[in-house]
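Reading through the structure tokens given below for one structure.
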Amino acid sequence: MRLHLPNFLYRGIPVHRLQLHGQCRRKTLGYGRRSPDTMASWSNSDIHIEEERHVRANDRNYNDKFFYADNHIKTSKYNVFTFLPINLFEQFQRVANAYFLVLLILQLIPEISSLPWVTTTVPLVMVLVITAVKDATDDYVSQLWALIIDYGLQNEKWMNVRVGDIIKLENNQFVAADILLLSSSEPYGLCYIETAELDGETNLKVRQALTVTSELGADILKLAEFNGEVICEAPNNKLDKFKGTLYWRGSKFPLDNEKMLLRGCVLRNTDWCFGMVIFAGLQTKLMQNCGRTTLKRTSIDKLMNTLVLWIFGFLVCMGVILAIGNTIWEQEVGRSFQVYLPWERPVSNNNAVFSGFLTFWSYIIILNTVVPISLYVSVEVIRLGHSYFINWDGKMYYGQKDTPAEARTTTLNEELGQVEFIFSDKTGTLTQNIMVFNKCSINGNTYGRFFSHFGLQTACVDFSFNPLSDRKFTFHDSSLVEAIKMEEPSVQEFFRLLALCHTVMSEEKNEGDLLYQAQSPDEGALVSAARNFGFVFRSRTPETITLYEMGTAVTYQLLAILDFNNVRKRMSVIVRNPAGQTKLYCKGADTIIFDRLDPSNEDLMDTTSEHLNEFAGEGLRTLALAYKVLDRDFFEEWMTRLLLASTVMENREQRLADLYEEIETGLLLLGATAVEDKLQEGVPETIACLTLANIKIWVLTGDKLETAMNIGYSCNMLRDDMNEVFIISGHTAAEAHALEPELEQVLLETACLCKTVICCRVTPMQKAQVVELVKTNKMAVTLAIGDGANDVSMIRTAHIGVGISGQEGMQAVLASDYSFAQFRYLQRLLLVHGRWSYFRMCNFLFYFFYKNFAFTLVHFWFGFFCGFSAQTVYDQWFITLFNIVYTSLPVLAMGLFDQDVNEANSHRYPGLYRPGQLNLLFNKRQFFLCTLQGIVTSFLLFFVPYGAFSLGVRADGLHLSDQQSFAVTIATSLVIVVIAFQSDIGLDTYYWTAVNHLFVWGSLAVYFAILLAMQSDGLFSIFPSQFPYIGTARSCLAQWSVWLVILLTTAVCVLPGMAVRFLKTDLYPTLTDKVAKYVHKASRKQGPREQNLRRVRRTSSRRSGYAFSHQQGYGELITSGKNMKVGQY
């Protein structure tokens, strides 16, 4: 037997207890990134395909025959032995890395290589090492999280739990496997769980063990001898269904979902329980819902792979042209020079074609710098810098929880500037999951949240008169307290109803220290409001409810609970007060309650309806309250019929509903409540701003329809003037069929026509399916944001996953690419960091490709003047240092620090985000333009000095046209054009910093310093073969004619581009150009669309979104007494 209990030996049986260390880790049960091999084992479910599962309690030998998954979840991609081969395999999947590896092999062949192999080996090794270190660091962080989580156990790790083991759980512990409930500390084998990690709901749910197993209690011997066998369904992702049978002692007992505690649940209000593990690890229902982890690559990464292939094709074309030229030249001209330049052995048989073949490979090596490997190093450095900017952003730091923003990946930053669809969870993501009693209407009078003439909120009410009040509760209308103290009957009856009509359980560990366990947060808020206004719900038994009314204990006899369901949309209780009066108290949707009011209440109903419209206009969740005094004889007769209907087998529900309908008529209206599902700070403004940025926001929630719609109104996602609202319910046949392949396109097209889409009652897997549907068919960048384990699946499916470190643990954070503490930070992440990252990366790539085309293609033009001999124009040291030293830092500084507009204007003008969504800044067209510009620049760089030198002479009369002086002149012109003027670095760097100045002017200074040093007498005397350009720079740059040529070349390269750029800005300005011009001219910097960010007031009658639990209420359970401890009654 594997029974996890306190440490001791019981009759030779070793037993242990599982205990979690600290609340900060108990929810994080090992979700994180997985390697492909792990996911493969998950998707296959195991070595064999299960059709049904056989599990025998306390019998590992029997269970091991089926090769069930253990409870170990791997969160790291590598280990010590697999890191090197797997990482190298992943890196060489990049086309450029594979290309440079082939190039390195070619450079080892002396017959075709005119450059030393070191020029390619060193950069390639640097790229591989830097990337490997980054990947190892990321994986180590992921693994470290898992170790902390897994090791948060005292005597037995959760990872060691196996199918068939019996485990003990204690109050507030997380369930880390799918277990069959056997017994608990509560009567009748009941236990209470919170399923926020599964469906986003924080209301408590009840699970009940079979009667035969609940008798096992906490008896260690009986549990050790338990040998029941469960035959059940195979592992699947259906969170709300379970089918199985327990075979024990010759009998069989049906099992359903109400007997199961699923991984991710939290045990609440239950001292302990015992359970048998049915599914473990990756086969649990929660993990089956988590989907497949995919390798995330940005659209720019994919485009770069395509461009590298194009460039390689272009390189081959240039090599072919030059090889043909070499063949013709050798055939027609070269033969005449064999006396002076004899062919080497491979071509000694006068084979000009073979000479051209070798020349082809030589030019492939020389022209390889058109795609320098330093590009990938620079890209990684820029991405790393952008990630640190996110981590260091103090405006995304949440001080209350000491939680900074964190970029958990360095590869997706520019993708943040291209998001078109956001898929958001509701509970804990948009809301704080805190319900607040804000306003109410009682007998035609409204109370709550008054404001003075100066717009200041009135002071909080002083509840010091009530020793049992909750100090955290606030209310802003003292007149309601005065009405209570003056004993106004309608006000007292109002709060008496709130204190009686509910299914809340009260827990009082210390005198006056009350803790309410509510079926829904709304219900808890209403009972807490009654408590603070002097009507304190203190305790209950199956037959009674005890209140403290203004300090006096009053016990009501509980006669019946007419429970809530989705059809009734109301609940009622029937009680008898100490005076012997029988009353029915009812609360529910106003449309339902108003239809059942006595005709004498018409005027009050009209007034209350106006108040409800006002509350609904503010996005509050409303509820109508009414009561009725019952005739004793009528009630006794009705109760007799109720008891009879509750025992029949046929049409029981319908008969009960008819009886409820009969007694819930002729009600007297008391008023209405207004509860706020408190949004996180800044959520409406954030959604409004993101909407102006043309980002479509879909809410995917496991909550019910009314709750989701109310949040939609509170967030300004839903407004009364909207006709294009699409609300999908995941628990309907329509949604189930709509996600089928033959109908999913219809669903997508319909949803994309709407301004707002809300999907409610969806499972974690359905969330992922919706994200995948948009991701696959719309070809748009998607972002998913959530805070719970039920959001992990969509977070992993989306292009970008964002986790909020909130109330529901760390699973979402561990699975995410970015994390922070508040939803409002998403606006800054996208509109500032994302847009800047995309803008910087696109400009960097444009200029990087441009400068390398300009640098490399000079060799192509030179080939026509050197007999296509694969001779280089530049000194080999210039070729080696051009991308690494001379031109890397200025472009890198632009890629790290440039800003077209500042962060304030990025928020003020959300339309600036649009170019990223349309992928305008760097695409195939932009690549073609930068290629063309680079080709033209290389042409001018070669032929302007060539033309000038062909006729020019030095001041001393000597000719200028030696090859070394020619090379220095072209190299100097190239560096000046690329660094200072062309590539738009000097002209269009929007945001100059000290670093930009240092890198630009410093690179120029470094170029001249290295140039003079390498062509000095000193280095030549030490390494004559390595530095052959002795004195060339000193001699060449001393001539004014050379500087005139450099100036002319620079002007010819720069001026056309400047003219085109200025004309384009003036005649066809982009939104960025307009904003920059407006900002410079405007004296005020207030955005023209600021009014759109204000919260829109609702005026319709759409209300009564009271968030009862979606399940049947607990009325029958309470009146049966099964949920009461023996000592309570």
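Placement of Cβ uses the backbone N, Cα and C atoms for every residue, glycine included.
Per TrEMBL, the feature active site, 4-aspartylphosphate intermediate maps to ASP425.
The Mg(2+) binding site annotation in TrEMBL covers ASP425, THR427, ASP787, ASP791. ASP425 (active site, 4-aspartylphosphate intermediate) has a Cβ environment of 29 other Cβ atoms inside 10 Å.
Taken from TrEMBL, the feature ATP binding site applies to ASP425, LYS426, THR427, GLU523, PHE564, LYS587, ARG621, THR701, GLY702, ASP703, ARG761, LYS767, ASN790, ASP791.
Taken from TrEMBL, the feature domain 'P-type ATPase N-terminal' covers 55-120.
Taken from TrEMBL, the feature transmembrane segment covers 115-133 (among others).
What TrEMBL records for 307-329 (among others) is transmembrane segment.
Under 8 Å from some Cβ of the transmembrane segment (360-379) lie the Cβ atoms of residues 94, 96-97, 99-100, 103, 106-107, 109, 112-115, 120, 123-124, 126-127, 130-131, 308, 311-312, 314-316, 318-320, 322-323, 841, 844, 848, 852-853, 855-857, 859-860, 863, 870, 872, 879, 882-884, 888, 891-892, 895, all in the same chain and six or more residues away from its ends. Residues annotated as transmembrane segment in TrEMBL: 360-379 (among others).
The transmembrane segment annotation in TrEMBL covers 844-865 (among others). Non-local neighbours of the transmembrane segment (844-865) in the same chain are 300, 304, 307, 318, 322, 325, 363, 366-367, 369-372, 375, 378-379, 382, 871-874, 882-883, 887, 891-892, 894-895, 921-922, 926-927, 930-931, 933-935, 937-939, 941-943, 946, 970, 974, 977-978, 982-985; each lies 6+ residues outside the stretch with a CB under 8 Å from one of its CB atoms.
Residues annotated as transmembrane segment in TrEMBL: 877-897 (among others).
The transmembrane segment annotation in TrEMBL covers 927-946 (among others).
Positions annotated as transmembrane segment by TrEMBL: 966-987 (among others).
Among residues of the same chain six or more beyond the transmembrane segment (999-1020), those with a C-beta under 8 A of the stretch's C-beta atoms are 875, 877-878, 881, 885-887, 889-890, 892-893, 968, 971-972, 975-976, 979-980, 985-986, 1026-1034. Taken from TrEMBL, the feature transmembrane segment covers 999-1020 (among others).
The transmembrane segment feature in TrEMBL is assigned to 1040-1063 (among others).
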Sparsest-packed of the listed binding-site residues (THR427, ASN790) - C-beta count within 10 angstroms: THR427
Binding-site residues listed as ARG621, ARG761, least Cβ neighbours within 10 Å: ARG761
Cα separation, GLY702 (ATP binding site) to ASP791 (Mg(2+) binding site) (Å, whole number): 10
In sequence order, the recorded positions (ASP425, THR427, ASP787) whose C-alpha falls within 10 A of GLY702 (ATP binding site): ASP425, THR427
Residue from ASP425, PHE564, ARG621, ARG761 whose C-alpha is spatially nearest that of ASP787 (Mg(2+) binding site), among the recorded positions: ASP425
Length of the line joining the Cα atoms of PHE564 (ATP binding site) and THR427 (Mg(2+) binding site), in Å: 22
Integer Cα-Cα distance in angstrom, ASN790 (ATP binding site) to ASP425 (active site, 4-aspartylphosphate intermediate): 9
